[in-house]
Every structure is written in C-alpha cells, then in structure tokens.
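K.L.:
Following this message is one structure expressed as structure tokens.
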Amino acid sequence: MNSLLLKLLLCVAITAAFPADKQDEPPATKEEMAENYLKRFYSLGTDGGPVGRKKHIQPFTEKLEQMQKFFGLKVTGTLDPKTVEVMEKPRCGVYDVGQYSTVAKSSAWQKKDLTYRILNFTPDLPQADVETAIQRAFKVWSDVTPLTFTRIYNEVSDIEISFTAGDHKDNSPFDGSGGILAHAFQPGNGIGGDAHFDEDETWTKTSEIYNLFLVAAHEFGHSLGLSHSTDQGALMYPTYSNTDPKTFQLPQDDINAIQYLYGKSSNPVQPTGPSTPSRCDPNVVFNAVTTMRGELIFFVKRFLWRKHPQASEAELMFVQAFWPSLPTNIDAAYENPITEQILVFKGSKYTALDGFDVVQGYPRNIYSLGFPKTVKRIDAAVHIEQLGKTYFFAAKKYWSYDEDKKQMDKGFPKQISNDFPGIPDKIDAAFYYRGRLYFFIGRSQFEYNINSKRIVQVLRSNSWLGC
C-alpha cells in the first residue's frame, strides 16, 4: 500500500542539481556526496518547512533516515557503507520524497490519447533502434491501460523526448557519465510530460548498461504521473537495474499504480506482472540454493537473496544485476569448492560462473555430464564436500557425480526415497552446509544427517533469511 501511495504522489520538476561536469570538480567527500544526494532527492534544506521536525534531530540526519527507510535499509541515521552504496548507484533524476502533492488522480493526463515527438537522437544507436526502444517503452504502459501513444513529427506533442547533456535549461542539469541517467516531468502544459536522457551516458539495446528501452519505460511512467516506488522489483524503483530487456514484463506493482490513474486495458484478459518476493512471506519457494565463497545465495525467479552467515539480514537483488548474462528462473545451482565455480542449471543447459564472470566455453549441455536424454532438466544439485561428490536430483531419482574423475558414478540413478528416507521425491533446491544436507520442498526445508540418514528437523524455507 505504501508503495502504491508513493507512486501516485505528484512528481514535480527537479530543482537541485549536481555539478554539470564532474571532471572539472575535485572529488567530493562521502559527506559532500551524501549532502548533494539528499538535497536533490529528499529536499534537504529546500522543502519550505522546518527540516528538523523531530526534536533533537539534525536536518541531515532526518533526511538520511528518510532515504534509508525509502530504500529498505537499516535506519541508522549514519552514513554507513550500505547507504553510500545505494547513493552511488546510477538512477533517475526525479525526487524520491519531497516537494510533491498527495493529489492522486489529478496528477494524470485528462485524456487517453497522447502524442510524443523525438526531438533528436543519440549517436550511440542507429535511429531505427532508438525509435523501436521508445515505441516499445510506451507500449509497456498502453498494454495495461486504455492509453494510446501516437508519434508526431512537426507539431508540439504532449511528451517531448530529447537527448542532451549538462545544463539543458530546465533547472535540472545532468551530471556527466554515471549518476543521473534521465529525468521526466509530471503531466501538464509546456515542459510537463517531457523526458530528457543524458547524452553523456552510453545507450544500448542490449542488457549492457544502459539499456534505452528500460530507462525510457521508467521515465515515461513519470511522464504519465507516477512517482518512484519503494518496491525494489518495480520498474519505477529509482535506481537502475541491469535486467534482460528481451524478457521484460511490467511488474504488478507498476500495473496497480498506472491502472489506478487511468483504469484497466480493454483486453478481455487483464495482463498481470511479476511480484517482488518478500523475505518473510510464508509462501516463498526457492528455485535453487548454493554457497558462494562463504556466502549463501537463494534464488527466487528473477531475484536472489545474498546472505553472509554473520549478517543479520539478507540482501535482495535481481539475478541479472549480479550476473547479467544469467537466465532467470533457474532450476538448480551448486558450488564446486575445488574450482570455486558456481554451476547453474536451466533446462538442458548449464553455465559455470567464476565470481561475476561466465567461464569461457559455457553454457554447455547437461548431457556432457553423463545424463541420459530422458532427463530434460535438473530439479536440484548439491556438492557434498566430505565425499567429493555432487548429487543431482531429477524427478524421483538422483545421480552421483565424481568431481575428481569428472564422470557419473556407476550404479546410478537411484531412487530418492530409498537413500533419503522421509524426503519427498520432488525437491526444489538443496545445499550442504556445515556437515548437514538441506532439502527445500515448497515452503519447507528438511535438515538431513547424511551419516545417520535421518531428518534432524523441519523448518520454514525462509528461516535462513532471518524469519
């Protein structure tokens, strides 16, 4: 509910600015960077009211806490490393919290048929690719609403689109490469609805930064009256996320917000989008779980949680923000401690990862490991370090793979029910940690002692996430 309300707040023109050319300025300290950030996106010292509303709290601290709360960070009021990390991410130039009205539907266009005009083109892409990206970005919104978008060429349009750099006379200068990627203005006359893209960025049509379609779709959300969302998986989240543009689906959070403003589409079957998993949702199901150089990685559709054993909370991020070339909705994953590589499986293919990089020569076919052609996918994979074996689970059977000999062990596959009594056949994920084997089946996890072949305890799957 908070996310939806935030998105329906009225966007306004941005008033504060970073230096137009960062290269001409001496490097800012973290404190200076944070102050500029809070001025620009949280109205530090410019919101027209008392900045210290809470007794005994300095304005900077209050705004910093506001920013930390918005991004779901631990609210410390101090410039801790996680807060600095978020502030340094590339993002949209529109306010997160600050000078906007709580008027909801009045922030929308008062018509359903809108026009747009592309004033100029970036040299980073062929003109046709820019036109396609812009058209597709508008289609993201027209697919879920009654809105239509028509391109015009000579007359002034509702939404004017331009590529520009530095100070471009709208009181919101760009800041050079990185930092702010683009900004847009609320619906209205004049500059209202217009979208500006920083020409100092490198624009692409691939998943490499920065994908024009993804940034444009976000900015056009502002052009239609949406504000930023606190939902990390939403298109209208302030920071840029490196996701595959080919498989992009408008998240449900964005659908709910835009339909509140303009109503539903005329499609007989209303489109739905993916939702962001909640850490303590009792219904969360993991696609795969693996260790990674001392950390734990939990995959859920297009997301992953990254958890250090000594950390109290897990960090949620897009899979493709971590590994840009990796597919989403993977089937299985495990870490080979000998090579320190992560093996990730989807369908009949698997990929080896060394840190953030895909190992050369991958993806490969799973049949190169010795699986019969009847196996179409792997349900779960886990490496048992004390045995030097990797177990692969598929349907009701499992295989044992010798990592030293690089071949399947003889006598396999075997029945899961025979060798792992009490464990259901259909396994979603598995991993080995500190001498215990953990099986994830639906919302439950089974802690298993491989020596005694007994279930030690049954817990909720997300207990690893602090729930």
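Each residue, glycine too, has its Cβ placed from N, Cα and C.
Straight from Swiss-Prot, here's the annotation block:
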- Cys92, His218, His222, His228: Zn(2+) binding site (BINDING)
- 327-373: repeat 'Hemopexin 2' (REPEAT)
- 90-97: motif 'Cysteine switch' (MOTIF)
- 1-17: signal peptide (SIGNAL)
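Let's see these features in context: how buried, what's close, how far.
P.N.:
In this structure, His228 (Zn(2+) binding site) belongs to neither helix nor strand by DSSP; it is coil.
DSSP assignment over the repeat 'Hemopexin 2' (327-373) gives 4 helix, 21 strand, 22 coil.
Counting residues of the motif 'Cysteine switch' (90-97) by DSSP class, helix then strand then coil, yields 0 helix, 2 strand, 6 coil.
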K.L.:
Please list, in sequence order, every residue of the chain apart from Cys92, His218, His222, His228 whose Cβ lies within 8 Å of the Cβ centroid of the Zn(2+) site.
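P.N.:
Along the chain, the qualifying residues are Val94, His183, Ala184, Glu219, Gly221, Leu226, Ser227, Met236, Pro238.
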K.L.:
If you count Cβ atoms within 10 Å of the Cβ of Cys92 (Zn(2+) binding site), leaving out that atom itself, what do you get?
P.N.:
24
K.L.:
Check His218 (Zn(2+) binding site) against DSSP and tell me helix, strand or coil, would you?
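P.N.:
Note: His218 (Zn(2+) binding site) is helical by DSSP.
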K.L.:
Give the number of CB atoms, excluding that of His222 (Zn(2+) binding site) itself, located within 10 Å of its CB.
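P.N.:
His222 (Zn(2+) binding site): 25 neighbouring Cβ atoms within 10 Å.
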